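Below: one structure, written as structure tokens.
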Amino acid sequence: MAIMSFVLVLLLALHGSALGQTLSSSFYRSSCPNLTTIVRAAVQQAVQAEARIAASFVRLHFHDCFVNGCDASILLDGANLEQNARPNAGSARGFDIVDSIKSSVESSCPGVVSCADLLALIARDSVVALNGPSWTVVFGRRDSLTASQSAANANLPPPTLNASALIASFQNQGLSTRDMVALSGAHTIGQARCITFKARLYGPFQIGDQMDQSFNTSLQSSCPSSNGDTNLSPLDVQTPTSFDNRYFRNLQNRRGLLFSDQTLFSGDQASTRNLVNSYASSQSTFFQDFGNAMVRMGNINVLTGSNGEIRRNCGRTN
């Protein structure tokens with residue numbers, strides 16, 4: 001009995017934050033019954049106006065969760081905060097639309113819905129808007145009072161990581177290799193700046209990097225060696241505005257845009273290569289694993305109960 005008690009105490013110490021979470025799909029059922037209707041309509045309108053914004057919304061949720069948990073810290077305005085960290089400066093976008101959605105929700109349910117929960121819901125509806133999978137979003141997150149630029153610089157995986165480093169980065173967040181490869185499939189939509197893949201076109205090349213030569217040549221026209229760092233190219237050149245499994249087929253053909261994409265298939269990790277092959281052959285398997293991984297990611301180090309606050313304006317604390 002003493003040993004069992006010790007083990008229980010140890011588990012509580014190691015996983016107390018996870019055990020204390022009270023996220024629920026029905027969290028706003030009474031306090032904000034129109035939440036999902038308001039957000040779905042706003043996201044559909046935004047995606048119809050610009051399909052690329054869907055990828056930007058998913059990225060905001062991801063970049064939020066990987067920095068001290070899913071607490072909407074990325075939405076806080078400030079020169080020295082997360083928005084201006086190296087992985088976000090000049091590329092994170094959609095803040096104005098999130099603010100607009102938050103304003104609409106506040107009009108219906110003032111002071112009730114957190115910005116962290118909004119990001120989770122907006123990400124799901126963005127994927128659905130581009131014909132991707134749906135999943136059950138759970139709520140109850142609260143918003144942080146601070147944001148850390150240094151943590152964003154340290155924790156957000158750059159596009160230069162190989163498969164082993166990516167596995168380690170996601171494991172640090174409590175996510176598995178399967179979660180990592182499935183979540184990487186979000187690159188079936190969206191675009192990347194030339195600066196993030198230029199080294200793959202002109203060298204020096206990373207060990208194990210592979211790229212189809214015709215794909216390389218086509219990219220050089222939009223990403224010249226001497227300038228054009230902010231020029232954009234689709235992450236999935238085949239179906240850039242449709243959420244599907246084409247991204248994984250591209251990797252099989254050595255047409256992954258980022259090194260961190262192509263390494264999943266061409267690197268030295270058989271586990272990631274096997275998952276790429278699985279998702280390339282079965283879109284339904286990818287969709288199921290992606291939804292499950294998004295739920296797990298959305299549960300990273302969340303604030304609940306009396307921790308944090310419910311921001312009335314996502315860009316600043318109350």
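Just so it is clear, glycine is given a Cβ too, placed from its N, Cα and C backbone atoms.
As recorded in TrEMBL:
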type	residues	note
SIGNAL	1-20	signal peptide
DOMAIN	22-318	domain 'Plant heme peroxidase family profile'
DISULFID	Cys32-Cys109	disulfide bond
SITE	Arg59	site 'Transition state stabilizer'
ACT_SITE	His63	active site, proton acceptor
BINDING	Asp64, Val67, Gly69, Asp71, Ser73, Glu82	Ca(2+) 1 binding site
DISULFID	Cys65-Cys70	disulfide bond
DISULFID	Cys115-Cys314	disulfide bond
BINDING	Pro157	substrate binding site
BINDING	His187	heme b binding site
BINDING	Thr188, Asp236, Thr239, Asp244	Ca(2+) 2 binding site
DISULFID	Cys194-Cys223	disulfide bond
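Taking the features listed in TrEMBL, we show where each one sits on the structure.
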| residue | record | contacts (Cβ under 8 Å, 6+ apart) |
| --- | --- | --- |
| Arg59 | site 'Transition state stabilizer' | Ala92, Ala186, Gly190 |
| Cys65 | disulfide bond | Gln173, Met297, Gly298, Ile300 |
| Gly69 | Ca(2+) 1 binding site | Ser144, Ile300, Asn301, Val302, Leu303 |
| Cys70 | disulfide bond | His61, Asp64, Ala116, Leu119, Ala120, Arg141, Met297, Gly298, Asn299, Ile300, Asn301, Val302 |
| Asp71 | Ca(2+) 1 binding site | Asp64, Ala116, Arg141, Arg142, Asp143, Ser144, Asn301, Val302, Leu303, Gly308 |
| Ser73 | Ca(2+) 1 binding site | Asp64, Val67, Leu81, Glu82, Ser144, Thr146, Ala147, Ser148 |
| Cys109 | disulfide bond | Tyr28, Ser31, Cys32, Asn34, Leu35 |
| Asp236 | Ca(2+) 2 binding site | His187, Thr188, Ile189, Arg246, Tyr247, Asn250, Leu257 |
| Thr239 | Ca(2+) 2 binding site | Thr188, Arg246 |
| Asp244 | Ca(2+) 2 binding site | Asn131, Gly132, Thr188, Gln283 |
How long is the line from the C-alpha of Cys314 (disulfide bond) to the C-alpha of His63 (active site, proton acceptor), rounded to the nearest angstrom? 15
In the same chain, outside Thr188, Asp236, Thr239, Asp244, whose C-beta lies within 8 angstroms of the Cβ mean position for the Ca(2+) 2 site? Ile189, Gln238, Pro240, Ser242, Phe243, Asn245, Arg246, Tyr247
Looking at the recorded positions His63, Cys115, Cys194, Cys223, whose Cα is closest in space to that of the residue listed as 'substrate binding site'? His63
Model confidence over the domain 'Plant heme peroxidase family profile' (22-318), as mean pLDDT, sits at 96
Taking the centroid of the Cβ atoms of Asp64, Val67, Gly69, Asp71, Ser73, Glu82 (Ca(2+) 1 site), which other same-chain residues have Cβ within 8 Å of it? His63, Cys65, Phe66, Asn68, Cys70, Ala72, Ile74, Ser144, Ala147, Ser148, Ala151, Ala152
Counting only residues 6+ away in sequence within the same chain, which have a CB under 8 Å from the CB of Cys115 (disulfide bond)? Ala72, Leu75, Val98, Lys102, Asp143, Arg311, Cys314
Which one is it: of the recorded positions His63, His187, which Cβ has the fewest other Cβ atoms within 10 Å in this structure? His63
